[in-house]
Each structure stands twice: as C-alpha cells, then as structure tokens.
Amino acid sequence: MFDAKAFLADVPHLPGVYRMYDAKNTIIYVGKAKDLKKRLSSYFRSQLASKKTEALVANIHHIETTITHSETEALLLEHNYIKENQPKYNVLLRDDKSYPYILLTKHQHPRITSFRGSKKVAGEYFGPYPNAGAVRETLNLLQKLFPIRQCEDSYYKNRSRPCLQYQIGRCLAPCVEGYYSQAEYDNQVNLVRLFLQGKDGQVVEHLVQKMENAAQELDFEAAARFRDQIQSVRAVQEKQFVSNERLDDLDIISIAYQHGIACVHILFVRHGKVLGNRSYFPKVPNNTDLTELADTFVGQFYLQMNQHRTIPNQIIIDQPLSEATALANVLSEQAGHKVSIADKNIRGDKSRYLALAKTNAEAALTLQLKQDTHIRQRYDSLKALLNLAEIKRMECFDISHTMGNQTVASCVVFDENGPLKSDYRRFNIEGITGGDDYAAMEQALLKRYGRHLEEEKIPDIIFIDGGKGQLNRALETFASLNVSWDKRKPLLIGVAKGVERKAGLETLLISKWDKEIHLPPDSPALHLIQHIRDESHNHAITGHRKKRQKAFTESGLESIAGVGAKRRQALLKYLGGMQGVKSATLEEIQSVPGISKQLAEVIFDTLQHS
C-alpha cells in the first residue's frame, strides 16, 4: 500500500514533473505542476474528480518527482517522459510520421518537388502538407500553371534535347540552351513562389502586365501564352474559399469525443490557403475529460511528435486549454516566432474554418465508431469460437517467393482496434533450400519469438498461412524455443485455403483441439481471420517484390571489379536503371561521372557478354 501521507510530507511547493509507477515499476502516468505539493495532494483526497483518477491512484506503488526552474521547463520535460514511456493513463497520440513539403530548390534553374524529412537540401520549403496526396495534387496544379521543371538534377544535366514535358507546354526546357532565356525562367519561378505564398492576386497582376507589354511589342504569341496563364490561375482562385481577412499560418483544431473514442481533426492553413486536413484518433483512457485531452494532444502534437513539423503563427481550438499561456510561450521559443493559442471568441472567417473542422471531426468520429463496432463484433465472434476470455494481440505469418528465390516472410499484428502497422515486420529468409516453405516459416518464427518478449507483446493467437504441415512445423519450432516468456500462451492456428483457394472456403486448424473447422462465409470471425491473413499476404508480397526488384537492378554490376555502391548508383541513375545500362553504348557509359574510359570498357564488355 502506497503511504501517501509520508510521501507528501517531503514534496516541495515548486514547479516540476511527477511520474507514477505501478508494482511492476512501470510508469503509468506522467504529469506536471506549478506546485508539486498541491497537485499531488489532490490525488489523495477522500473524493476524487473522476473514475479514471480513482483507477490510477489504486495502482500507484510509488511516485518520483523532478523539480524544474519553471512551468515551461516542466511542460517540455513532461512531454519527453510521455513520449519515451507511453504511460497507460496518459492520452497518447500515436503518430510519428514526418510531414511532406513542397521544395523549390536552390539552383540556376530551380525545380519544384516534394520533400520529406530534415530540411538539409538547399532551397525554399512550403508546407507542411497533411499527406503525400495533397503534395502531388499541388505539384500537378503547379505544373499546369507554371512551366518550370520537376525533373531530377541528374536527368536535367544529361538532356541534349527537350523532353515530352516541353512539348506539352509544362516546362520551358532550361536543360537545353536557346529555347527560353534565364530571365523568362526566373520570372516563372517567382510566380510559383508567389502562388505558394498565397499571393494569387500578385500573380495575376504580374501576368496581366506581361500580357499587355507583349501586346504592345506586337508579340501576340507571348501575349496569348500569358492570357492562358491568367485564365488558369483565375480558374483555381474561383475554386478556393477567398478570405477578406489576413489569414497567415493557422492550424485549426476541433475535438469530437463519444463512447470513449476521440477524433482530433486539424485544418492546415498556410499563407491563407487550406493545404489539407487530417484526423487523429489518440489513445484515450476511460473517463478522461476534454480539457486534459486538448492539453495533452496539443502538447504532444507540436512538442514531441515530430521535429520537422512547422509550428504556425496561431493555433485555434474549440476546447479550452488549462495551460494555453505556458504552451504558447514554449511553442514561441521552439518556433522562433510568436505563437498564439485561441480557444474562445473566434470570429469571422476563422470561425467558419473552425465550424468546418468540427463538421469533419464529427463525421470522422461517426465513421470510426461504426468501424469499431464491426471490429468488436468480429472479435467477440472469434472469442466465442475459440472459447477465449480476451484477445488483445494476434499475429499472422505468410511466406512469399518466386520459384524459391528472394524469399520473404511477413508478420502482421492486430490489436483490439485492428491492424497495428507500427509492429508489422518482414524477415529475409536465407540459407534454406529454395521453395521450402516449412523451413522458411521455421526461420521466421525463430527470428520473431526466439528472444525476450515483454508480456504485452506476447500474442494470444498466431495464425499460420498454410495447412497441417505448416502448422506442425510451427508447433515443433515453438516446442524448441528456449525463452523466458510463456511460450504456451499463444494459440497457434493454421489457415488452409482449400482446393479452389477461394475466400470463404478456408479451413481452420486449431492446434489445441487438433481438429479442423469450416466457418460459414458470413461468419464475423471468418471475416476477421481473412482480414489478418490478407494483410499478411500483401505485406509479404510487397517485401518480396522489393527484394526481387533490388536483385534485378543490381545483377550484372556487383560482380564487376571497380564498380562499388556509389558507381553502381551513378550508372543506374544517369542511364535510367538496369535496362538503360545494358542498352547503353560505350560512349554513354563513359559519360557517367566517376566512370573512366578503361572502366567503361570493362563494364561494356561484361554486360555485352553476360
């Protein structure tokens, strides 16, 4: 029993962070406070604020505190602890992806392209965009409006005549001299810059001036080109919501919460334009109040989830934040510019955007609730079928190869909410007879389970995509494991496809019963098994294809003396892949940077006689 009175006697009235541990020495909650003594004392009153707090306090074994210089420092430390430990009773945002940007490169003839990751490439970055699809859509639009290049620098350097993009009017062909001047290209680059900054009006004004100048000089062909550009830009403007207010960089957040599931929807506005939107479904402990959810989400989203995320000038949210001022100060320091947080009195076009975010949040939550209902029905059906009290984690294995070559095994994981893609794994299978699926499965299982596993990582069910032979090999492999965790816990099930290999005709081979089960095609349990089996199959095939493609592109070059990884990469890049290398002339191979005349002859002769 935790002695709260003795513990609180030594806690100071200072700002800091506290970490609550259970009997297994696992951190179950992380919090911060302006006054540690006051905050921690509130957990041990006779009447607690919520059932969530009651459950938390009942599991406390001991508490550790860290004193900080300020509330701001405590806020940062709190989110670092949450990210590192993923405590059970904290709201957890499960999203660690970098966000894509549009990059205008620093070059004599800049290119526009998508970019993801640390901003190490020289140039101007616009974004972030919520997903790769939004970037592709914008790049396609830019290519139609402004004819500047999107090709790789290696492709650009090796052109001797304009490519198809020039012929269809989507590039000025700066790679070849004599088609357009540097000034004309720079002008189009500047228009792209203005457009991405949301200054559409300036783009139109500039093009109108250019059109009028061309007409006065009787260059009617150029005037017609500018006229077409003006019409295209105006057509884009008409499709967009045009605000009378000055809307710079905003993130607009709305939270919908129902039946223990939360949806946080964000509209990303940059330079007055909505770049896109995204819905998040954080893991929320039961009976969490909305203020805590809003506080934790905003803190995690901007402070801990991704170092490349751009922090906007203003964050608008439809739920009150208890720590808005402290959070705004921290974000301002992180961003290098003033960041404000508004959670009330939102008016004008910002109010309209917030209403749009709310509509999207509610719609996404409704859809998620329906999906969760289907998932629960399927899990309940499978639990009843197998006579299991609970199913918290399932894993499924599949093997993929082409005639025994480039064999890959996949392992996919489902938890109570469906696919847990962050835990998916692939295994390269080596040292076996080609086409021996039993040996491949054994190797995959040994790689996956022949090591220490935390209790929560031990699956309740392991599905093996295959018949009785595969299942028996899997059982033998498990029997041979020498591990500290309970290897008897997982129930192994073989999923045989049947003679016609059609969905709905699967046979289940249940290891603990040593019998076969045929489920009706409309069985929710069967649908869940088909889902995890298909996920595993697709994951294996994707991995196998990547491995096969890599072997194909590298074959023929690895064996040549003097051709290492860098030269091999240069040959493939400059000559357009392995097919381009094989069909290249001696002179073309010699023109690749880093390839001498002597080495080019060796490469050419080797490929011609291979």
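Each Cβ is built from the backbone N, Cα and C atoms, and glycine gets one as well.
Features reported for this protein in Swiss-Prot:
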DOMAIN    13-91  domain 'GIY-YIG'
DOMAIN    201-236  domain 'UVR'
Across the domain 'UVR' (201-236) the predicted model averages a pLDDT of 73
For the domain 'UVR' (201-236), the DSSP residue counts stand at 33 helix, 0 strand, 3 coil
For the domain 'GIY-YIG' (13-91), jot down how many residues DSSP puts in helix, in strand and in coil. 32 helix, 19 strand, 28 coil
